[in-house]
Amino acid sequence: MEDQKMMHELINGLNGHLLGIKELTRKSQEAKKFAYCPYSKFRVGAALLTHDGTVFTGCNVENACFNLGICAERVAISKAVSEGYRDFKAIAIASDMCENFISPCGGCRQFMREFGSNWEVYLSKPDGSYVEMTVEELLPASFGPEDLKMKKANIRNEF
């Protein structure tokens, strides 16, 4: 009887986790609808999950001066940081690509890494399918805030 109860709790937990991932992915698909991308026509949405269950969404916002655009992932993270959040559980990313899972650009990978390397990233397709990775898997051997605290060589600045 106890084994059945434990199995039931495990299955419910897994189902809840899968439903949570599907909901987070759905929210990233919804966020994509607000993308401002008149130049690339490449819509991206993101949904960021905090440890207390709060979700922040973002979409890409382009600019005529191309390098001033901002990616969906950075919008979502910036919104969360501006509300006092610094510790994240997961982010789901969506685009309109049907044949490939969307993957964050290098800048977004480093931006995510600023807030830890061991949180989940769900790369999705419009049909709701997804691949689960971690920030560490997306950006191995990365540089993060803790590296700035490492002991450095004592050099003289001759400039």
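Residue numbering: from 1, along the chain as shown.
Placement of Cβ uses the backbone N, Cα and C atoms for every residue, glycine included.
Note that the structure is a prediction, hence the values are computed from the model and not measured.
Over in TrEMBL, the protein carries these features:
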- 19-146: domain 'CMP/dCMP-type deaminase' (DOMAIN)
- C71, C105, C108: Zn(2+) binding site (BINDING)
- E73: active site, proton donor (ACT_SITE)
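When averaged over the domain 'CMP/dCMP-type deaminase' (19-146), pLDDT in the model lands at 96.
The Cβ of C105 has fewer other Cβ atoms within 10 Å than any other of the binding-site residues C105, C108. Secondary structure of the domain 'CMP/dCMP-type deaminase' (19-146) per DSSP, as helix, strand and coil residue counts: 42 helix, 33 strand, 53 coil.
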